[in-house]
Amino acid sequence: MSEVMVKGGGASGASAGPPAASSAAGGGATAATQSEPDMKGWLLKWTNYLKGYQKRWFVLSKGVLSYYRNQAEMTHTCRGTISLHGALIHTVDSCTFVISNGGTQTFHIKAANEVERQSWVTALELAKAKAIRAMESDEEEEDTAANTIPSEELNLVVRELTVRLENLKTCYDLITKHGSALQRALNELESGEDLPNKTKIVSERATLFRISSNAMINACSDYLQTAQTQGHKWSKMLQHERDQKLHLEEMVEQLARQHSHLEQAAHRHRPNATTSASDDEDNEFYDAQEEGGSVASQEDSSFILKIPVAHHHHHRRNSNDATGSSSEGEDGNSETQQVLVVTDNLDNMDVTDRISVNSSQALTPTLSNNNQSTKVARTRRLRVPDKPNYPLNLWSIIKNCIGKDLSKIPMPVNFNEPLSMLQRLTEDFEYSEILDKAAQCKDACEQLAYVTAFTISSYSTTSNRTGKPFNPLLGETYECDRTDDLGWRCVNEQVSHHPPMAAQYCEGRGWRCWQEFTMTSKFRGKYIQIVPLGYAHVEFPATGNRYTWRKVTTTVHNIIVGKLWVDNHGDMEIFGEKSAKGVKCHLKYLPYSYFTRDTQRRVKGVVMDNASQVKWVINGTWDSKIEIAPVTSTSGSAENPVFKTGNYKTAWNRRLPASDCEKYYNFTTLACQLNEPEPDVAPTDSRLRPDQRLMEDGKWNESNGEKLRLEEKQRARRREREAEAEKAAAEGRPYPPYEPVWFDKRKEDGTDQLVHVFKGTYWDAKAKQDWSKSPDIF
């Protein structure tokens, strides 16, 4: 991440007035200045690598905010940019505002005064609105652009047809004129006076009318001939383009299939591979583990792990973020330490230690643990209607979307599952009993070990769930109150549309959890990659311990051909805060490999105390089981330590879904209950989405129609806000940006970062059934 601090004003002798609106000389590498820029001016920028403020020249042009060392650099070197179409713009105080593109770059800017700050914020908001409109317009025209005839040839044909059309109009005017004259002559002929002279006039008029009619017929023939000639030519060109396109698609699919066969061959020759039982060329190898297998074998319980020995900072809220460096080359310490973990006394493992903290009755109704202990849990459904068989070629839909953000691809519901992303986020708490166990831990390191197991458990459903959740509408909410049986309740709200961002708050037995979820995603042809950008937090009020993490990358493979399968991979850092400050966990999700001897879908990691000493070991697979063990002794050198662990105990064990779950989207029991109709929810609740409900009922054609209607309604609301913002800017008054209903943007302590904090008013509003603040989105 590149995060910079900018303050208004110039260096000594530099102009520090309001940003100019005149044209800048030259053109930047990123912010082209051929046309008039929206804003430009001097500001002071905090550079992490120099640890100080430096004067910089900022230019806002064509929906991109760029900065340079000085004006002269605009001809050759751009120091950093943020594209505004997906940016978040926050006002912190009277002079300070923050611009972020969702996680990879953040600019902190402080203007000299409130007027200057407002002028920049207004210009940035308007530029963002224009960039979004331009992006959507380009996407709408993209489908027709592939078959467009070259502009020069098209212009020639249009000019020729225009000339012939003008000839037709001239002939029509002549026929009208001579026809009227002929009619008058015929009327005069009826009077019977001076018949020879009048007969001569009628003959002349009829001759002119006949000549004009012949000219009209000839002009029509010429026009028709030209149109037919060009139409035949265009038809041939179009057919050629279609043939070329189909040929290219066949080549791509053939390459994908050959690639799949090579992967299968590589897997069959891998030393620890399992021979495939199928010879069907269309069956892609799917790297599923045997369900429920233990990882606590002597081979798997001992492993080598590289952990970072130093980080810039623990959290993205600091100005010099641990996840990246500044665009001007901030130094980063990537030094790692290799550690060896071995298990001691594995054969004497206490069986009771291996019992999972999540019992089989986790989703079985129980009595509430609060004062209203007599309340009996409601009976909930155990499945949803079967998925209808509507075959559709995914490649035919997304072949023109390579490189685009997944959230902006207009997909039909055929590739969705009947759940919103807000509901999918709620599935993170399917194994909330792990947090219940963590809340009982007195030791922060052991508590973090259970928190780590909880973060891993949220990936268990991705192993066989390849359906795309519905993109929430701006202002859409989802509540899930399971205090009567699972002991927790949560509220989710879509708080931003560009970029898409959801805020979530959940409270349970001795813990509370919240997160801002946003992501970037790209379709790369054979796979789709999803990179989460938001951070999640869990806090235990009894001890004041808080832990923060960000999710790892998820990749969906075999988009074109073969069976879809999902892999989660990357490094995850979980940091302790407040009372647990200094405690941390380094976790590694191993990417799928055909040649590794490691167990596939393997996750391994270590928990360290505030002295960076390893205290607990994490080991398992993200789709089956996670086991944890305390470190009993340390040996080896400081550079290559060896940690011996005690007995492993199971911190999480996956509950397998029903055997026929493939018939209904591979849903777990909790997933089946998330969209179950429930009374008294907010009118913006995901359960009330008509397109999602129609899809669950198997009415996919009607669902697609409703989906288009809702998306157009959302665009219309956005256009209204943009028009109001432009009007306010023209009148010189501020226009308040969109504000969520149940979450509030607040400044974090010690930083300029704004985060969405739950207001705590939702459950009171539900009790009173006061939904007056809820917008009309459905």
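Backbone N, Cα and C define each Cβ position, glycine as well.
TrEMBL lists region 'Disordered' for one of the ranges 1-34, 69-102, 443-476, namely 1-34.
Packing against the compositional bias 'Basic and acidic residues' (686-730) from elsewhere in the chain are residues 122, 125-126, 129, 132-133, 136, 384-388, 390, 410, 412-414, 416, 418-420, 422-423, 470, 472-474, 476-478, 497, 675-678, 738, 777-778: each is 6 or more residues past its ends and has a CB under 8 Å from a CB in it. Within the model, the domain 'PH' (36-129) carries an average pLDDT of 79. Secondary structure of the compositional bias 'Basic and acidic residues' (686-730) per DSSP, as helix, strand and coil residue counts: 41 helix, 0 strand, 4 coil.
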